[in-house]
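Below is one structure, written out as structure tokens, with a few remarks after it.
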Amino acid sequence: MSALPRQDRAPVVSLRAAALSYGDREVWSGLDLDVRPGEFLAVLGPNGAGKTSFVRALLGRQPLSAGTLTVLGGPAREAARHIGYVPQQAALSAQALLRARDLVRFGIDGHRFGPRLRGGGIRRRVDEILESVGAAAYADAPLGMLSGGERQRVRIGQALATDPRILLCDEPLLSLDLNHQRAVTELIDARRRSHGTAVVFVTHEINPVLGLVDRVLYLARGGHRVGTPDEVLTSESLTRLYGTQVDVVRVRGRVVVAGAPDEPASPPHHPERADETDGVRA
Amino acid sequence: MTLADGIWHQIFDFTDYGELLALVRNSLIAGVALGLVGGLAGVFVLMRDLPFAVHGISELSFAGASAALLLGANIVAGSIAGSLLAAGAIGVLGTRARDRNSVIGIIMPFGLGLGVLFLALYKGRAANKFGLLTGQIVAVDTPQMSWLLGTSVLVLAALAVMWRPLAFASTDPDVAAARGVPVRALSFAFMLVLGLAVALSVQVVGALLVLTLVVTPAAAAARVTASPVLLPVLSVLFAVASIEGGILLALGSSIPISPYVTTISFTIYAVCRVAGRYRSRRWGARRTAVRTA
């Protein structure tokens, strides 16, 4: 394991005057942001505000229309193998025929062409990873027979398989129940603390990660805000951002935003799969 | 009883079996190649949800083969040309699953129509016509044999090179793209490989029944294993068993090869499906155990 020294505080992601547009439509612009090792950045905002474009830009799959983006000191495209990417669980093919351990293994050598030559070392590494994310019990289960929460554990194992310096999570909690949301965020946070891995966490719903977040990037159609949750998630700040009255209320440590245009009335907890059976856990 | 006996003898007659066997030596060799190609391609057909594409490609492959028959050209070459055309069109026009199915639905009847037209114009032996749709065992003469084997080697080499990233991209396209796997290029490359595999299968089981070689064996294997090694190995074994069994049984009978191949293939699937219940029970039980632990 190549644990990164904590004192290495050079930013792992750096955006300067960054803008992204599709044709005439500008998604966001004038974005200045540094993400440092060990930092937990939550990316919030309504649908269509460019959260997904932000993820694609960091992965080097979407060029900026203006400004600069460096990831680990270079172009985003070249940093791809140092980024552990965790999408939402529904993104996994319904036809997934392989086992949990194979998904983790793809994280190590799935991008290589040609036949697989050496195996033993990688197999042991996969076992270690599955153990570390608590997925050892179903390492050999077909992916199609795993629940959403189990899949996300395996996914995080896959993302950690390459010892990434950045964890990029795109709605990883979507359609998970509260227990699994907690388990998944704990895994991510543990990694951040043990290895100083920076976390960029795109989400609709801040509350499951509110206690972990260092800073928030709030994207809205009219602009964006960067700062600590206390700075950004206030009635005044969001009212200015949206240009219309928005109320932010804190109820028992939870943040409730009311009145934001395009903000979904309730967080997207509705499972996409009707057969989701994660609910009960004694 | 006598009627049943009559039908039985009409279907099976194993006199002179030894001499007949020599006639189909080429087909038996080709069968192993087809089993390998169909069994391996089938794994990705399942992973990528392409059974309908297989059917669509095979109809255009049939059109190409019947055009070749009409023109007196090499039938395997014609079949490959039709296949690649269809696979390329599906690959270019149908990158998203939803578009893909309608593109296939449009291409397929057109191909079948063309094929029927060419066959109607063809004045040769009727058995040749029928064979393209439902298969024939003595179809493989020596020049065709070199086409079949050459194409098989090409398909197997292409699959060996792209196996891992293709499996990654098929299982988890989002993460594969993030890791720099050329997902779209692989998708197109696999369509072409699939086109070749289908063209080969058309030669033995006929255009209507290609799915029995390219989908059923892999689907049967997927019922009993999720191992990335065992899955393709079983799929190939099932495909080879179906096709060789089909050839050997059809040899002693007057009916075409395809019902034998499809029946063996389907039986293997049915057995695997029942055997697969054990697996579901095992992992199902695990989940209950975890929950109550």
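Backbone N, Cα and C atoms are what each Cβ position is placed from, and that goes for glycine too.
Caution: TrEMBL annotation is automatic and unverified by curators.
Remote same-chain partners of the transmembrane segment (B:28-47), defined as residues 6 or more beyond its termini with a Cβ less than 8 Å from a stretch Cβ, comprise 53-54, 140, 145, 148-149, 152, 155-156, 159, 166-167, 170-171, 190, 193-194, 196-197, 200-201, 203-204, 213-219, 221-222, 231-232, 235-244, 247. Feature annotation from TrEMBL assigns transmembrane segment to B:28-47 (among others).
TrEMBL lists B:68-90 (among others) with the feature transmembrane segment. Remote same-chain partners of the transmembrane segment (B:68-90), defined as residues 6 or more beyond its termini with a Cβ less than 8 Å from a stretch Cβ, comprise 53, 56-62, 100, 103-104, 107, 111, 118-119, 121-122, 124, 128-129, 132, 139, 143-144, 147-148, 151, 188, 191-192, 194-196, 198-200, 202-203.
Long-range contacts of the transmembrane segment (B:102-122) within the same chain: residues 52-53, 55-56, 59-63, 65-67, 69-70, 82, 86, 89-90, 93-94, 128-129, 132, 207, each at least 6 residues beyond the stretch ends and with a Cβ under 8 Å from a Cβ of the stretch. As annotated by TrEMBL, transmembrane segment applies to B:102-122 (among others).
Annotation comment: TrEMBL describes B:147-166 (among others) as transmembrane segment. Beyond its flanks by at least six residues, the transmembrane segment (B:147-166) meets 29-30, 33-34, 36-37, 40-41, 44, 74, 76-77, 80, 140, 176, 181-182, 186, 189-190, 193, 196-197, 199-200, 203 of its own chain at Cβ-Cβ distances under 8 Å.
The transmembrane segment annotation in TrEMBL covers B:186-216 (among others). Residues 27, 30-31, 33-35, 37-39, 41-42, 44-46, 48, 50-51, 53-55, 57-59, 61-62, 64-65, 75-76, 79-80, 82-84, 86-88, 90-92, 95, 115, 131-137, 139-140, 144, 148, 151-152, 154-155, 158-159, 162, 165-166, 169, 238-239, 242-243, 246-247, 256-258, 261-262, 265-266, 268-269 of the same chain lie 6+ residues outside the transmembrane segment (B:186-216) yet bring a C-beta within less than 8 angstroms of a C-beta in it.
Look at TrEMBL and you will find B:228-251 (among others) tagged as transmembrane segment.
Annotation comment: TrEMBL describes B:257-276 (among others) as transmembrane segment.
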